[in-house]
Amino acid sequence: MSAVRTQWASPGCLHSPRFSTSSSCMDGSYAEIVVVRHGETEWNADGRIQGHLDVELNEAGKQQAALVADRLSKEPKISAVYSSDLKRALVTAETIAAKCGGLEVITDPDLRERNLGELQGLVFREAAKLSPKAHKAFLSHRTDQDIPGGGESLGHLFQRCTSSLQRIGNKHKGMPDHLSKGERVVVVSHGGVIRSLYKRACPNGKSGGKVLNTSVNIFHLCDEEWTIKSWGDVSHLQQTGYLESGFGGDKTSG
């Protein structure tokens, strides 16, 4: 599997020494998982919180999806495409799958964005005034803090999405001792989910920063060991006019 261009990567996590010294991973039996954030929606552009609400891609988002699909189609073979079942991720995934050999998208609700309860549908800059308790809960660093209105805690989000990626990694890893190589697969998800995946791979690393729409983030999974190979790559959007979008890809994720 060839190296993918890296726009940004945390120096404490990229090419982890733990990974490079593991014989079971050095032989290529790891699963390479290309995690992509969905394309832009009108709510992203407006700074409106989506969470589990099913908002479709806008025209810019569709163009971003086409560009990342074209990019991935020219890279090493994709064996499968997985996605959140929310439309903004699913349509992005379907665009990629069609370009990468007409694959069928496998949906998994565990790849959905964090449920943000009462905050869903609100413009972020107005949330503190319109729903102060939910806004305070959202800003809390406590991993067990639920959000009023049926929203999830950070801990619940972390558990469900990292478990999903682990299942995918287990399914697509190869066999050690060169019996078979691991496969390269795509997972399309959301900003909050991708930030949680980063924390699983880099529990002591710096923040992953903002997760832009259709950014490419590559994970190597070898059993329970996760390594980030590249992070935040949006080179497919350079000079296209579709780069500067990504509301919800940082602490405002949703």
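Count begins at 1; order follows the chain as displayed.
Every residue, even glycine, has its Cβ placed from backbone N, Cα and C.
Keep in mind that this is a model prediction, so the values were computed, not measured.
As written in TrEMBL, here are the features:
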type: BINDING; residues: Arg37, His38, Gly39, Glu40, Thr41, Glu42, Trp43, Asn44, Arg88; note: substrate binding site
type: ACT_SITE; residues: His38; note: active site, tele-phosphohistidine intermediate
type: ACT_SITE; residues: Glu113; note: active site, proton donor/acceptor
Checklist outcome for this item: Within the same chain, the residues at least 6 apart in sequence whose Cβ is under 8 angstroms from that of Thr41 (substrate binding site) are Gln50, Val55, Glu56, Leu57, Asn58, Gly61, Arg88
Item to check | Between Glu113 (active site, proton donor/acceptor) and Arg37 (substrate binding site): CA-CA distance (Å) | outcome: 11
Checklist entry - Expressed to the nearest Å, what is the distance separating Trp43 (substrate binding site) and Glu113 (active site, proton donor/acceptor) at their Cα atoms? => result 14
Item to check | Euclidean distance between Cα atoms of the residue listed as 'active site, proton donor/acceptor' and His38 (active site, tele-phosphohistidine intermediate), Å | outcome: 11
Item to check | Whole-number Å value of the largest CA-CA distance among Arg37, His38, Gly39, Glu40, Thr41, Glu42, Trp43, Asn44, Arg88, listed as substrate-binding | outcome: 15
Next on the checklist: Distance check, please: Cα of Gly39 (substrate binding site) against Cα of the residue listed as 'active site, proton donor/acceptor', rounded to an integer number of angstrom.
Outcome noted: 14
